[in-house]
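> Following this message is one structure expressed as structure tokens.
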Amino acid sequence: MDIAKTIEEVRKMRYSTPGKIALVPTMGALHEGHLSLVEEGYKHADHVIVYIFVNPTQFAPHEDFDAYPRSIDDDLAKLKKVGVKHIFLPNIDEIYPADGIPCEVDVANLNGILEGEFRPHFFGGVCRVLTKMFNIVQPHFAVMGQKDYQQLQIVTAMVEDMCMPMRVIAAPTKREDDGLAMSSRNVYLNDKERRQSTGIFKALQQAKHMIEVGGETDPEVVESAMNDIISTHHFDSIDYATIRHPRTLQPIDCIEPKLSGGVVGLIAAHMGKTRLIDNMIFGSNQ
């Protein structure tokens with residue numbers, strides 16, 4: 001494996017590698033969901049570069065930056081097993097030099113809602129680090145998971161609006177056998193919390209049934225049903241359980257699932273000390 005730790009090294013790696021390049025951004029603590037992004041990357045590109053970087057600018061002071069799981073040796077072994085040969089493993093000073101003058105990147109119409117309401121710092125940090133990484137590596141594609149749906153929409157909008165010469169590829173959410181969306185933070189759940197956490201997936205399944213089978217068109221009715229299911233699984237709190245437009249993420253007055261793109265259900269809820277998010281698209285013709 002070729003491991004670059006500096007900007008100079010990864011640029012040399014990138015430009016000495018012929019063919020199309022897909023970049024898979026990660027913060028490490030890799031699981032099958034991350035590896036599915038690698039697999040998706042190889043469908044579109046000749047080579048995949050994976051970066052592992054726990055980005056401090058997307059964590060608020062009270063969040064879990066210091067506690068965020070880190071397992072570099074295990075991560076590298078997993079990547080080697082699926083055939084990844086190119087890794088970017090920078091330290092914080094390489095990406096955010098102490099003498100640098102920080103710039104902000106803001107997708108204003110999408111940053112301040114849903115996740116942005118509860119984590120107002122988050123998307124600014126994500127957009128900043130990804131703008132840096134896209135400029136550093138200059139890939140043809142970036143592969144991102146649908147599991148972080150709002151992030152996917154924001155980054156796609158950023159790439160399009162800034163005329164970056166690349167394309168964002170959405171990879172399907174990878175799930176455990178019981179439906180729980182794979183996440184590095186799932187390791188925080190104890191056994192009881194892990195069993196109860198399936199309530200989010202069950203709530204999304206119920207919404208899917210109500211819309212696609214039952215023909216429900218009132219988003220408030222579907223949202224109420226989602227909230228009820230989450231509550232019966234003893235989540236400590238619910239940040240949101242909502243039906244939105246799939247691209248603008250704005251509230252809708254009426255569900256029209258037969259329209260191209262459908263609608264999206266999004267949930268964020270707290271189980272113990274762990275905040276879980278998930279989503280599902282309903283009624284899409286695509």
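Glycine residues also receive a Cβ, built from the backbone N, Cα and C atoms like all the rest.
In case it helps, TrEMBL gives these features for our protein:
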- H34: active site, proton donor (ACT_SITE)
- 27-34, 145-148, 182-185: ATP binding site (BINDING)
- Q58: beta-alanine binding site (BINDING)
- Q58, Q151: (R)-pantoate binding site (BINDING)
> Of M27, H31, Q58, S184, which binding-site residues come within 10 Å of Q151 ((R)-pantoate binding site), going by C-alpha to C-alpha distance?
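Among M27, H31, Q58, S184, not one has a Cα sitting within 10 Å of that of Q151 ((R)-pantoate binding site).
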> So if I draw a 10 Å sphere around the Cβ of Q151 ((R)-pantoate binding site), how many other Cβ atoms end up inside it?
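21, counting other Cβ atoms within 10 Å of Q151 ((R)-pantoate binding site).
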> Relative to the Cβ of G33 (ATP binding site), which residues of the same chain, six or more apart in sequence, are found under 8 Å away?
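Listed in sequence order: G145, K147, T173, K174, A181, M182, S183.
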> At the Cα level, what's the spacing in Å between the residue listed as 'beta-alanine binding site' and M27 (ATP binding site), rounded?
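Here the two Cα atoms lie 11 Å apart.
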